[in-house]
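Peer 1: Have a look at the structure that comes next, please.
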């Protein structure tokens, strides 16, 4: 069964020149990139995207980071796309939990600026796709 996921290539990855490498890894994995947009995240979309973290100590810094420069938003499709991308991404903390061979394990330096975001469930994917690509929202 084909599944969709939202991926963000975060501002730190864009600034460090890793967009091509990350997209290449996605394509080599066999996932289809069905939507792609380079943009600076508007504050309202960023706040809605990270709403589950509101009130936590790191939330203001997270919003500042994600809106602080260009990022790439993408929709990926493929069998088990959510799990497949999360495997490519590696653990959230690039130094403590991400293994070499993953995006974060190979290029990540710190937990907050960890290069990429990938949806963690079908429900999250559909909610996030609707935020970043409203015209692709599931009916």
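Every residue, even glycine, has its Cβ placed from backbone N, Cα and C.
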Peer 1: If Swiss-Prot says 10, 58, 92, 104, 114 bind ATP, which of 4, 86 does it name for the same site?
Peer 2: 86
Peer 1: Where residue 86 (ATP binding site) and residue 117 (active site, pros-phosphohistidine intermediate) are concerned, what is their Cα separation in Å, rounded?
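Peer 2: Computed Cα spacing between residue 86 (ATP binding site) and residue 117 (active site, pros-phosphohistidine intermediate) is 8 Å.
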Peer 1: May I ask which residues of the same chain, at least 6 positions away in sequence, place their Cβ under 8 angstroms from the Cβ of residue 10 (ATP binding site)?
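Peer 2: Once residues fewer than 6 apart are set aside, residue 10 (ATP binding site) is near 65, 66, 71, 113, 114, 115, 116, 117.
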Peer 1: Over all shown protein chains, what is the count of other CB atoms within 10 A of the CB belonging to residue 104 (ATP binding site)?
Peer 2: 23
Peer 1: Where the record says 10, 58, 86, 92, 104, 114 bind ATP, what is the longest distance in Å from one Cα to another among those residues?
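Peer 2: Overall maximum Cα spacing for these binding residues reaches 22 Å.
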Peer 1: With H, G and I counted as helix, E and B as strand and the rest as coil, say where DSSP puts residue 58 (ATP binding site).
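Peer 2: Going by the DSSP assignment, residue 58 (ATP binding site) belongs to neither helix nor strand, so it counts as coil.
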